[in-house]
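The block underneath contains the structure these notes are about, expressed in structure tokens.
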């Protein structure tokens, strides 16, 4: 055993129960290798691992050096939003569909992870967004997002009107179905589907992508990640929401503004040594192949 990662957490809730076999295989293999292993409590209960050391996501973030997320991108997003608060590295084994954030192939995960545990890996920091919904002198509702923060109508799709301020300076007003505010990580997710640009992960930039704007002149906007975005609403005829990674919703009420900024802490991602962002674009999203 080496000292790159001594305590390893196993997390993630795959859509298909059969994928839980990966968790058990991983748990037994890591124990046999001499690592201290913490497995997420709910997973241990489902697998009936009565002798396993268990913990919540927060406890794993506090105690482990590396978290292995087993599942798809949704599992990675949900776990990583919590784990990013702590000094822990994160890597994923893909048991979902696309697996853009989960690098390890389930059929070869043990060997790939063994190489990582021996110190053969790439470390990368990805920044998150923090969204605040607040009114003057009122308590804030706060959440974070790894991919994107989306302004949209509540339950029924319709046009909404809002103003966008960047660093407290008016930028533009819009009448549209909403607005996608994306990190470089999220630029290949919902933002891409709406016509937004692809940003390489190392860029300190945020994209603002309109959703079906009722104008001929609206275009995606790329700004520095150090900027603070403020959304204002003058005529709220119906409920609006802020959605974080399509997993957490924050309702917006009359008289409230939305503030979106770069989060104070990053996500520490671990990739295999042969990881290439552009190879991932090609294999997962059909990016152009090499000609020669």
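Any Cβ shown, glycine's included, is placed from N, Cα and C.
All protein chains shown were included, and the count of other CB atoms within 10 Å of the CB of residue 158 (NAD(+) binding site) stands at 10. The annotation NAD(+) binding site is assigned in Swiss-Prot to 73, 74, 147, 148, 158, 175, 177, 188, 189, 190, 191, 192, 193, 247.
The active site, proton acceptor feature in Swiss-Prot is assigned to 73. Around residue 73 (NAD(+) binding site), the same-chain residues six or more apart in sequence whose CB sits under 8 Å from its CB are 96, 98, 99, 100, 101, 102, 189, listed in sequence order.
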Next on the checklist: What are the sequence-distant neighbours of residue 191 (NAD(+) binding site), meaning same chain, six or more residues apart, C-beta distance under 8 angstroms?
Outcome noted: 147, 148, 180, 182, 207, 209, 220
Item to check | Other C-beta atoms that fall within 10 angstroms of the C-beta of residue 189 (NAD(+) binding site) | outcome: 23
Checklist entry - Hey, which of the binding-site residues 147, 193 is the loneliest by Cβ count within 10 Å? => result 193
Item to check | Neighbouring C-beta atoms (10 Å sphere around the C-beta of residue 177 (NAD(+) binding site)) | outcome: 18
